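Copied over from TrEMBL, here are the features:
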- CYS333: active site, nucleophile (ACT_SITE)
- 6-189: domain 'CobQ/CobB/MinD/ParA nucleotide binding' (DOMAIN)
- 253-441: domain 'CobB/CobQ-like glutamine amidotransferase' (DOMAIN)
- HIS435: site 'Increases nucleophilicity of active site Cys' (SITE)
Amino acid sequence: MKIPRIVLAGTHSGVGKTTLATGLMAALSKRQRPIQGYKVGPDYIDPSYHAAATGRASRNLDRWLLGDHLPAVFAQSARESWAVIEGVMGMFDGMSGTPGYGSTADVAKLLQAPVILIVDASSMSRSVAALVHGFSTYDPQVNLQGVILNRVKSSAQETILREALSEIKIPVLGVLPKELSLKLPERHLGLVPVGEGGLLEGFIESLSDLISKHIDLEQVERIMLSAPEFSEPAPLAKAEPLKHPDQPFRLGLAWDEAFLFYYQDALDMAERLNSTIIPFSPLHDSALPEGLDGIILGGGFPELHLKSLSENTPFLESLRSYADSGRPIYAECGGYMYLGKSIQDFEGKELPMAGLIPMKAEMTKRLQGIGYRKGVFREDNFLGPRGTTVQGHEFHYSRVVYEKEYSPVYDLFRGDRPDRMEGYAKDNIVASYLHLHFSGHQELLEYWFTHSGRAKV
């Protein structure tokens, strides 16, 4: 299968990968290339910038979350497209305790994709050659095809950098002057999502023009086209026959400014398993849609919309009535917080929420959980039987305080080391801080859709 593709790697975090990847996607799209964006790792926000640049939902390529399904997930969305893959952290930075597993280099090798290295050259001279030489030789299986020098201060510095790199025969594909650098807006969970208006009007256009002026797009395209034929991976497993083949599972999905952290491939997987996704908004709707067979409340930024969420009492009543009906509710991170009795903001103000879980959530000034985790179901629930193992990740500044004894959903592990009990599972509610990627755990959706009844519409 011919898939023109490229990986944009960085020497370290903060070199400008997302800005450059977004701009490159926009510039190549302007050249009428069918660009499909990707992000290595679990990040939800960077892909929203890719989507703004390409008009297509971006995809995540995460070795831990997708496991052996990663090549098939890539192939499914990359057909008849040109793939631009934004890396994560530094090129060789992977899961702790592993030799680069899940790193940008690891994914590039898995996909046989050529790599362009982004270097923050703002404080560099001839040492740039030693740096790039190290990256180009550290792992001979990584196909490094060129560099982009970011934040260069002057034409004199550019000349020195180019001369140094010519000695190691690494092509310079572009040089971005420091005074022209455009910076994406940030806050406590990283970049501000596009859906919140974090991008000023015309930002993508300006970024595209900047990239087109300072990067050799023809050479970038030649590198993409040089990628070898992509070996057709085994297709994603077909679903087991469902109990209700003539009745699609009506899956409600919280989707607004407060709840927006979802993996597009996971939503596609749900639809392939005979579900119909029906969006709703806890911020703006007065009630849940009728006839839902189950709902998902994903992560996001409920802490930035507490007043509106708390004051939307008609919707909260609708959610409570839905819970009383016994139909399944699955929630992650921000959605988990929303199901509690209240959320306390960064200033200590507490506002009531759904009250379906006997706990209160509190925002803090420091990270309370970050990294990949393995979870094991402590008891049977609508996603699977007791002992089911899942792989997910967490990233949150909040913590939860329970008011009484409760039933956690997971025994959580960091690697093989026990970490803690996590989340809440009782009756028809499964909720926790753990983010899952259902494309890596198709069996969870199959179990849910197969064992759940259908609502009367």
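Cβ from N, Cα, C; glycine included.
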Rounded to the nearest Å, what's the C-alpha distance separating CYS333 (active site, nucleophile) and HIS435 (site 'Increases nucleophilicity of active site Cys')? Just drop the number here, would you?
7
Could you give the mean pLDDT over the domain 'CobB/CobQ-like glutamine amidotransferase' (253-441), rounded to a whole number?
97
Could you tally the C-beta atoms, other than its own, that fall within 10 angstroms of the C-beta of CYS333 (active site, nucleophile)?
26
Just counting, how many other CB atoms are there within 10 A of the CB of HIS435 (site 'Increases nucleophilicity of active site Cys')?
21
